Amino acid sequence: MSSAREIYRSRPISFWIKLTISSSFMLIAFPASSLLSRVYFTNGGKSKWIISWVAVAGWPLTALFLLPLYLFLRTSPTPLSLNISLCYILLGFLSAADNFMYAWAYAYLPASTASLLASSSLAFSALFGFMIVKNKLNLSSINAVVLITIGAIIIALDSDSDRFPGVSNSQYTLGFILDIVGSALHGLIFALSELVFVKILGRRSFHVVLEQQVMVSFFAFVFTTIGAVVSEGFGAIKTEAKNFKAGELSYYMVLGWSAVTFQLGVFGGTAVLFLASTLLAGVLNAVRVPITSIAAVIFLHDHMGGFKIMSLVITVWGFGSYMVAHSVKGT
């Protein structure tokens, strides 16, 4: 507790407000986006390109937050050098690929298996953060990683079935592999984003968080749009809407709210990287795994057993271990 108080006093109150809001976006918006993706496929949605495109189609929402900063607070936009532009293009491509891989995972994998594999992004975040950004890995960090990973594994042990009805062996295997690769990409994106802040943009002002999200999401939108056009994914929207089990209006609401919640989640993750580190972003990303499961029980009436309750307790324990014993400044 004494160490926690010292950490708290070392930062201004505005820092903790921003970090709390950003973390809340990650822990609320990302699970909501995951549930909406599941609702999409459960009710008859089939296009991986559509659900991937929707994830980045909401990029103008973040741009709206930037306009008041430019117009009323006289904040100057960050000049776009060649290095910054190339970084945004690379991160945009990786984000587009990451979203597409997760779309395949949600289409073919059971919830417990998908959660288990997605939780591996924490290990990848810690690994890439250590290798690329030179973040420190102390005992409290390792303890948090181990506890949260165990919590996610326990969720997988509570599975009632191995796969969805109608999913072939090849589809299941493909979804399994792409989920792991997507989790690795997620950790790599976290590390590279922090590297951009540290080496190129600098931690000058919070508005650079918004600028990076706008540009990365824009390029991800461009790449995903090209893929959707080439694969003729947009042509399936009207057909899917008419055949959607919950109704045509519900179909468009699912897509619309998926765009909003995903952008809020990405904003939260990018802000945590700016304010703290890749490792904390990875920890929060893993914490949302049991939160998503609990939310699925409440809103989608998924089965809730003792394993999931135990997983939630262990995950919160790991999260608390990181927040109390690990200095944000030292990550």
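Note that Cβ sites are derived from N, Cα and C of the backbone, with glycine treated the same way.
Feature annotations, courtesy of TrEMBL:
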TRANSMEM  12-30  transmembrane segment
TRANSMEM  50-73  transmembrane segment
TRANSMEM  80-97  transmembrane segment
TRANSMEM  103-130  transmembrane segment
TRANSMEM  137-157  transmembrane segment
TRANSMEM  177-202  transmembrane segment
TRANSMEM  214-237  transmembrane segment
TRANSMEM  249-276  transmembrane segment
TRANSMEM  283-301  transmembrane segment
TRANSMEM  307-325  transmembrane segment
The transmembrane segment (249-276) and the transmembrane segment (50-73) contact flag, 3+ Cβ pairs under 8 angstroms: yes
Candidate ranges 50-73, 177-202, 214-237 - greatest C-beta contact count to the transmembrane segment (80-97) (under 8 angstroms): 214-237
Residues of the parent chain within Cβ reach of the transmembrane segment (214-237), under 8 Å, 6 or more residues beyond its termini: 46-47, 49-50, 52-53, 55-59, 62-63, 66, 88-89, 91-93, 95-96, 99-100, 193, 263, 266
